[in-house]
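Each remark here refers to the structure printed beneath this line.
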Amino acid sequence: MKLSMLLSAALVVATVSCRQSGNSTGTATATDNLINNAQTATNEVLAGAQLITKSDCFTCHAVDSVVTGPAFKTIAQKYQHIEGNVNKLSNSIIDGSKGIWGPVEMTPHPYVSTADAQEMVRYIFSLDSTHTTDTTGTYGNLKSKPR
């Protein structure tokens, strides 16, 4: 009886250990897939892609298709890639949002820092090749306001 309980406990520990090491490989593969979808240089978006794969983003989002929330590419195409929108969307990641993409609410992620949320948004913006990076380092098609 004691031997079977001991073997059962060892099996549980071994199973948990395998899952944890498997997740790091899965995260690395997911990050590689995200980077390969980006249209900008890898070093500019690597941090954001890594943060997205380590968070719960894929519960509701995908790169190219609607899940519960909009596709990352659709988000990137909707917004001008300027720092004001990086800040706006990073606040939506942290605080959650409602009504922007229909009736479904985006759940808040208060554990995500502002800097990390901004890196995530910059990665998402990199998926849209119709926008460029301007010389000030912000992302977007910056246009002068008509006078």
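Don't overthink the numbers, they just go from 1 along the chain as shown.
Glycine too: its Cβ is placed from the backbone N, Cα and C atoms.
Taken verbatim from TrEMBL:
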SIGNAL    1-21  signal peptide
DOMAIN    43-128  domain 'Cytochrome c'
BINDING   CYS57, HIS61, MET106  heme c binding site
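DSSP classifies CYS57 (heme c binding site) as helix under the three-state reduction.
For CYS57 (heme c binding site), the same-chain residues that are 6 or more apart in sequence and have a Cβ closer than 8 Å to its Cβ are MET120. Around HIS61 (heme c binding site), the same-chain residues at least 6 positions away in sequence with a Cβ under 8 Å from its Cβ are VAL67, THR68, GLY69, PRO70, ALA71, PHE72. Under 8 Å, Cβ to Cβ, and six or more positions away along its own chain, MET106 (heme c binding site) finds CYS60, GLY69, SER92, ILE93, GLY96, SER97, LYS98, ILE100. Same-chain residues with CB within 8 A of the center of the CYS57, HIS61, MET106 CB atoms, the heme c site residues themselves not counted, are ASP56, PHE58, THR59, CYS60, GLY69, ILE93. As a summary of secondary structure, the domain 'Cytochrome c' (43-128) carries 48 helix, 4 strand, 34 coil according to DSSP.
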